[in-house]
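**Q** Have a look at this one before I ask anything.
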């Protein structure tokens, strides 16, 4: 049955948006839970130096994935959701652009592997980068499937694939133990690639009935230029996001002792938690707002953006401030006491990731109008300034200075993006959102005190403590009128009509 989005700004539109948000939050939770399980295993299985190598490989892949995946996915979601173009033409031309981008990165990784070793001061990295090159084409096809489903508002299908992949990726752990005990990096790459191939096979089977649901369009031609510009513009923006969140790890690897790279990788893994969660909001906000703007419902679009930002600050920010305030206890409980060297760095990185996640949301809102000039300029300037700032902070300070630089840069990017959204679209910050920010400032102080008074090296006990603090926080913001607990219950239990 063809699904229409007429009246998308009404109750049914809210149901679609809320279900999509829940589905994508679940998939993102599955993603970083699986990632934590793998990193927890590697943190105890490998030495800090070897773990630093794993962190370096993953950081480079994260950079390339954001270039390869987000550009095509977001461009497909926006173009299909607007229903201005023939969906088949959108897919074919975007896919061709994606193939060109994937081929470029494959050649860089495979042929340029020795150069990576020279630049990062470790010749052994060349072998690992050659194997990693094969992950890029697989990821490129995988995200095209996600973008098609997002554009059709079939958020459940894309979320299923995004949940399925990290779950079967957990097979990497027994693979390393049984087959690659002496070379965990190769085991990690083989496990990830195998999981991706299986997910692609499942995703292709799920796309068969979707083809007939694609919009016929309004007679407009989706040009090759539009396909390339849409993909590359989104890619450029996510390159900036990736560099701000990941280039610091490469700088640590290149400029500081190898053990520092391992400690910093441990901090980075927790620091990025809320960024992954906020990606669920970014995935939803682009097709939803794009569709409303295409229908001329600008006020409804701003209302949806304001609603999503309230949820982000009310429900995701408390996770950020809790991690930031209890960083030493968290690192000690999850890894070992020696990782508390990176505690201050984690305090800054947790906030940095949240600021970057909100920046992404705001720029997806701006790009829903098909005007990417602000995001393009923001990306170009940031690419130059941020990397330079990381290098200087590494030479004049340590991992704490680099993390503080990251937090400062992302806060500035978020502030500038808020100003542009207010200028072009309107105010997306409600009074309740500002109240939520104040409650989170108080939560940071409480969590810091609890971490000092009740230190523990038991990770499960720490998670229980986090759950209690989060429940108490929800009670406070519900009492303050920031959110309605019934709204959260409805958000989780909504059923498709």
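Cβ atoms here come from the backbone N, Cα and C positions, even for glycine.
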**Q** When TrEMBL marks a stretch as transmembrane segment, which of 90-108, 109-127 is it?
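**A** It is 90-108 that TrEMBL annotates as transmembrane segment.
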**Q** For the transmembrane segment (308-335), I need the partner stretch with the highest count of C-beta pairs below 8 angstroms, choosing only from 48-69, 232-254, 377-396, 402-421, 459-482.
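**A** Going through each listed stretch, the top one turns out to be 459-482.
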**Q** Answer with yes or no whether the transmembrane segment (232-254) touches the transmembrane segment (377-396) by the criterion of at least three Cβ pairs under 8 A, sequence separation 6 or more.
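**A** Between the transmembrane segment (232-254) and the transmembrane segment (377-396), which are separate recorded stretches, there is contact, as judged by 3 or more close Cβ pairs.
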**Q** Who are the long-range neighbours of the transmembrane segment (402-421) in its own chain, taking Cβ under 8 Å and residues 6 or more past its ends?
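**A** Distal contacts: 244-245, 248, 251-252, 264, 267, 271, 305, 344-349, 351-353, 355-356, 358-359, 362-363, 365-366, 374, 378, 382, 385-386, 389-390, 393-394, 428-429.
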